[in-house]
Amino acid sequence: MADSIGEAEAANRLMRLARLIAHHDKLYHDQDAPEISDADYDALVRENRELEERFPQLVRPDSPSKRLGAAPTTALAKVAHARPMLSLENAFSEDEVNDFAARIRRFLNLPAEAFVAMTAEPKIDGLSCSVRYERGDLVLAATRGDGAVGEDVTPNVRTIADIPQHIANAPDVLEVRGEVYMSKADFEALNARQEASGGKIFANPRNAAAGSLRQKDASITAARPLRFLAHGWGEVSEPLADTQFEAMKRIESFGIPVSDLLVRCDDTAAMLAHYRAIEKARADLPFDIDGVVYKVDRLDLQERLGFVARAPRWGLAHKFPAEKAETTLEAIDIQVGRTGKLTPVGRLTPVGVGGVIVANVTLHNRDEIQRLGLRIGDRVRIQRAGDVIPQVVENLTRDEVREPYVFPDHCPECQSEAVAEEGEVDVRCTGGLICPAQRFERLRHFVSRGALDIEGLGEKSIAEFIELGWLHSPADIFRLRNHRGALIGLEGWKEKSVDNLLGSIEAKREPDGPRFLFGLGIRQIGIVTARDLLKCFGTVEELRRVAAHPDAQAEFAAVEGVGPVVAEALVDFFHEEHNREALDDLLSEVSPKPFVSDARQTEWTGKTIVFTGSLETMSRDEAKAQAERLGARAAGSVSAKTDLVVAGPGAGSKLKKAEELGIRVINEAEWAQIVADA
Ligand code: IVH
């Protein structure tokens with residue numbers, strides 16, 4: 001590609017590559033959710049490098065070649081590495097390995113027949129971590145980050161059993177570097193648990209390891225089965241040994257795991273033989289690897305060889321080729337994710353790829369199917385890159401005449417309409433409230449802090465109640481009281497905890513309007529937009545009525561703070577009969593408060609009011625909201641700072657205290673008068 005294009009086209013392509021690579025870096029490093037295989041990513045980086053070599057004048061300030069991975073995210077504290085954490089040059093063929101050996105000989109000015117001994121060991125597909133010991137105590141652990149500055153993951157690393165907290169007879173300063181990883185078996189088990197609890201599903205063990213290590217809350221890391229294998233060191237106060245091999249043995253003697261596939265090779269043939277042996281063992285290894293790493297064994301020679309850019313001259317990563325195979329696409333199934341995204345999955349005639357039988361591939365999205373021109377019955381070339389889900393890389397029968405594949409426009413789970421929003425590739429189900437695939441996520445959102453804020457109804461309980469068949473839609477939450485008896489009998493529930501939960505549900509029968517609207521989980525509608533909408537339309541029922549007008553979209557879009565995208569999302573939501581039914585059902589259980597605009601200045605501004613006893617014409621919550629609208633604060637207990645007590649029948653100790661303190665006490669009717677007059 002780089003050979004055939006002109007300067008203008010190259011500039012354009014470089015701009016797109018910069019964006020694309022930054023996008024994939026972010027997905028990989030920050031979100032632990034890659035969309036493309038490592039091989040495809042490497043191809044983009046290579047294309048970028050080739051273009052920059054041909055057109056050095058076009059190298060951009062934001063060129064991916066100037067960055068190494070993604071800079072660390074802001075969530076964790078940053079730490080500068082005492083010595084930079086470098087990367088490795090990649091090789092994909094035996095020729096490149098021979099070149100590497102020859103380059104080293106030349107650099108060291110050695111005769112052609114001389115051979116520099118090298119170590120060879122698996123390249124573990126995890127994430128680099130540097131663990132620092134001072135006088136034997138673990139004091140700091142950091143991720144690689146951009147190589148110069150990483151993230152402080154000390155508390156997290158302390159939870160990894162492979163990594164000792166203290167090392168006897170270690171040098172005063174010792175930085176051990178290696179890979180934090182998750183075994184394939186632990187990864188499967190973690191994903192199964194995540195699925196059961198509605199948690200995040202990880203694409204591969206590497207992402208699971210990254211997501212588990214880079215947690216602000218180390219107790220999450222502690223619950224994840226992370227492991228560690230050392231492959232080198234950073235700052236050390238005294239040399240560990242004379243050779244790489246002996247130094248690694250020394251690290252092993254400190255009680256830190258080192259690969260048992262680490263060997264010393266006396267010639268290139270031995271290196272390549274070890275590469276093939278590891279490749280053969282790959283499928284049976286308990287963890288993912290993506291190649292073999294060679295390093296010059298003598299440390300004095302490593303020193304002389306030094307570094308080029310970000311990689312040492314003395315090291316090389318010999319990557320395994322992406323494994324490919326040909327087979328037939330038998331069917332395309334659509335899976336609906338927890339957020340409503342429709343993902344096409346290709347069902348294949350099972351085929352062996354690098355020792356693993358592959359029967360399914362991800363087809364990513366509607367555009368990808370179109371790009372490949374895929375139809376049922378096509379012969380396809382698939383690729384398994386070891387670390388990501390297998391994918392189709394080529395359609396081998398594009399030219400044959402066959403029935404085209406039509407991407408569904410309805411959700412296979414709930415039959416609601418499925419649409420792609422303007423400018424988006426993903427097709428999504430619009431049946432949010434009733435789609436079983438989205439049930440858990442929706443319910444969790446509905447009860448969450450920013451929405452109804454139902455205390456005590458956590459993820460675990462939601463998952464449990466769904467499992468029991470008690471929860472289908474948000475309205476069911478308000479019918480959980482019908483299961484009180486059954487619930488008390490369940491493990492982990494006692495009468496008191498059940499009643500606490502049911503009590504906090506009952507307390508939300510008259511939810512705040514904007515929170516209620518936000519809780520419905522309509523796409524594009526956050527709490528601020530929800531408030532803007534209700535400020536204008538007052539109630540969700542009114543919104544729904546307006547949504548039925550032929551010119552609803554324009555009407556919504558005219559609201560301040562609301563644009564066409566939100567307007568369309570609203571209309572789509574109410575257009576769906578399922579959603580209207582689920583909303584009716586919900587409104588038969590709860591009565592959201594109509595929106596009343598913000599507090600005003602009144603004689604009550606800044607005053608403290610306490611409501612006690614039972615109120616007859618309004619709920620306690622409504623009374624409090626009224627007080628807040630007058631600018632007053634509603635407090636739970638009476639003190640010298642209380643300005644007014646509104647007492648209903650049955651008022652007890654608070655009323656007594658108010659009288660003792662000489663605070664003005666009024667009844668509900670008088671309060672209603674104050675509100676009316678204000
Ligand atoms: S040596 C200066 N050895 O691969 C050399 N790295 O592509 C530093 N990796 O950042 C690394 N297994 O995270 C080395 N046996 C191994 C490795 C290994 C995995 C990772 C490491 C490094 C990356 C470079």
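Every residue, even glycine, has its Cβ placed from backbone N, Cα and C.
A TrEMBL annotation is a machine prediction, not a hand-curated record.
Secondary structure at Lys123 (active site, N6-AMP-lysine intermediate), as computed by DSSP, is strand. Around the Cβ of Lys123 (active site, N6-AMP-lysine intermediate), the same chain contributes Leu88, Ile289, Asp290, Gly291, Val292, Val293, Ala317, His318, Lys319, each under 8 angstroms and 6 or more positions distant in sequence. The active site, N6-AMP-lysine intermediate annotation in TrEMBL covers Lys123.
Taken from TrEMBL, the feature NAD(+) binding site covers Asp38, Ala39, Asp40, Tyr41, Asp42, Ser87, Leu88, Glu121, Arg144, Glu179, Lys295, Lys319. The number of other CB atoms found within 10 A of the CB of Asp42 (NAD(+) binding site), across every protein chain shown, is 16.
Taken from TrEMBL, the feature Zn(2+) binding site covers Cys411, Cys414, Cys435. Secondary structure from DSSP puts Cys414 (Zn(2+) binding site) in coil. For Cys414 (Zn(2+) binding site), the number of other Cβ atoms no farther than 10 Å from its own Cβ, over all displayed protein chains, is 22.
The domain 'BRCT' annotation in TrEMBL covers 599-671.
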Arg144 (NAD(+) binding site) sits from Cys435 (Zn(2+) binding site) (Cα to Cα, rounded, in Å) at a distance of 41
Helix, strand or coil: which one is Lys295 (NAD(+) binding site) in, per DSSP?
strand
Per DSSP (three-state), Cys435 (Zn(2+) binding site) is coil
Round to the nearest Å and give the CA-to-CA distance linking Lys295 (NAD(+) binding site) with Cys411 (Zn(2+) binding site).
53
For the domain 'BRCT' (599-671), residues assigned helix / strand / coil by DSSP:
23 helix, 15 strand, 35 coil
Using Cα positions only, nearest of the binding-site residues to Cys411 (Zn(2+) binding site) (Asp40, Asp42, Arg144):
Asp40
